[in-house]
Amino acid sequence: GEPVRVLVTGAAGQIAYSLLYSIAKGDVFGKDQPLVLVLLDITPMMTVLEGVVMELQDCALPLLREVIPTDKEEVAFKDLDVAILVGSMPRREGMERKDLLKANVKIFKSQGAALDKYAKKTVKVVVVGNPANTNCLIASKSAPSIPKENFSCLTRLDHNRAKSQIALKLGVTANDVKNVIIWGNHSSTQYPDVNHAKVNVKGKEVGVYEAIKDDSWLKGDFILTVQQRGAAVIKARKLSSAMSAAKAICDHVRDIWFGTPAGEFVSMGVISDGNSYGVPEDLLYSFPVVIKDKTWKFVEGLPINDFSREKMDLTAKELTEEKETAVEFLSSA
């Protein structure tokens with residue numbers, strides 16, 4: 001069949017190093033789907049990128065038709081089916097969040113414009129580089145001819161972290177836990193919500209609150225652990241999460257491509273327009289979604305208690321402030 005054309009940016013970085021092998025061996029688009037991988041990074045990284053290309057060649061993978069390393073947007077974004085935007089300006093020590101935003105607005109404005117100009121209009125765009133939600137919104141606003149719904153940002157890592165913490169607490173596998181939700185921003189204000197989550201205990205499906213019977217843990221340490229997990233990994237490894245981030249990207253893109261399993265929903269950052277949860281319009285906010293025919297829909301009608309409401313509003317407030325700052329920079333970028 002026709003190869004799927006996939007771009008990974010920040011392709012010489014450590015998330016990409018874990019990600020590219022998984023994509024190329026068929027974990028994401030299926031075991032019989034040929035691929036063209038386009039790898040974009042900044043000019044100083046081109047030598048390192050050559051090494052990555054050599055390794056991909058040396059994996060001798062049957063699905064990989066072509067690998068194209070480049071530092072040029074007009075090459076990278078041409079005729080894409082999928083764009084995975086991992087590369088961003090990382091936060092340096094002592095850097096204000098505002099400075100970080102400014103640098104990233106410039107990058108994602110440029111990449112959004114390149115998507116608009118060169119990619120297929122059906123392209124699915126996944127933003128991973130932080131601040132992911134706002135970077136994704138800026139890319140979307142800079143690509144007016146591509147539907148807003150085609151843009152999403154990664155909160156699946158947070159989702160998987162939440163799932164895993166519940167599974168560890170109960171001594172079951174992560175597969176036995178479903179329908180956890182990450183609401184809001186991929187930052188420490190995110191709200192990991194297990195009010196609607198179910199767990200399979202000895203063949204019986206029960207609510208997580210009922211199974212765990214420890215509300216103070218679920219409303220306290222559980223939430224904090226998930227919110228601060230990224231920082232905990234950095235503290236321990238002196239590097240940010242790469243293996244787990246790459247796995248989450250694979251989960252996210254595979255679900256876009258093949259849909260979500262019946263009776264299950266997943267978390268992803270999407271445009272908030274038309275949601276029924278009181279989240280302001282025109283924010284890139286993480287919601288529970290189901291996916292079918294490469295199209296996501298909000299999970300509707302979940303009752304929201306006061307505890308959840310407060311946390312959902314808090315993260316929406318942070319995203320609104322980020323957006324306002326970013327949009328200011330956008331006009332001057």
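Quick reminder: no glycine exception, Cβ is built from N, Cα and C everywhere.
Sequence-distant contacts of His186 (active site, proton acceptor), defined as residues of its own chain at least six apart whose C-beta falls under 8 angstroms from its C-beta, comprise Asn130, Pro131, Ala132, Asn133, Cys153, Leu154, Thr155, Leu157, Asp158, Gly269, Ser286. Annotated active site, proton acceptor per TrEMBL: His186, in sequence order.
Long-range Cβ contacts of Asp41 (NAD(+) binding site) within its own chain (separation 6+, distance under 8 Å): Thr9, Gly10, Ala11, Ala12, Gly13, Val48, Leu49, Pro69, Asp71, Gly87. Residues annotated as NAD(+) binding site in TrEMBL: Asp41, Asn104, Val128, Gly129, Asn130.
Within 10 Å of the C-beta of Arg161 (substrate binding site) we count 22 further C-beta atoms, all protein chains included. TrEMBL lists Arg91, Arg97, Asn130, Arg161 with the feature substrate binding site.
As annotated by TrEMBL, domain 'Lactate/malate dehydrogenase N-terminal' applies to 4-151.
TrEMBL lists 155-329 with the feature domain 'Lactate/malate dehydrogenase C-terminal'.
In this structure, the CA atom of Arg91 (substrate binding site) is 10 Å away from the CA atom of Asn104 (NAD(+) binding site). Arg97 (substrate binding site): 13 other CB atoms within 10 A of its CB, across all protein chains. Taking each of the binding-site residues Asn104, Asn130 in turn and counting other Cβ atoms within 10 Å of its Cβ gives the largest count for Asn104. Helix, strand and coil content of the domain 'Lactate/malate dehydrogenase N-terminal' (4-151), in residues and according to DSSP, is 66 helix, 28 strand, 54 coil. Counted within 10 Å of its Cβ, the other Cβ atoms near Gly129 (NAD(+) binding site) come to 25, all protein chains included.
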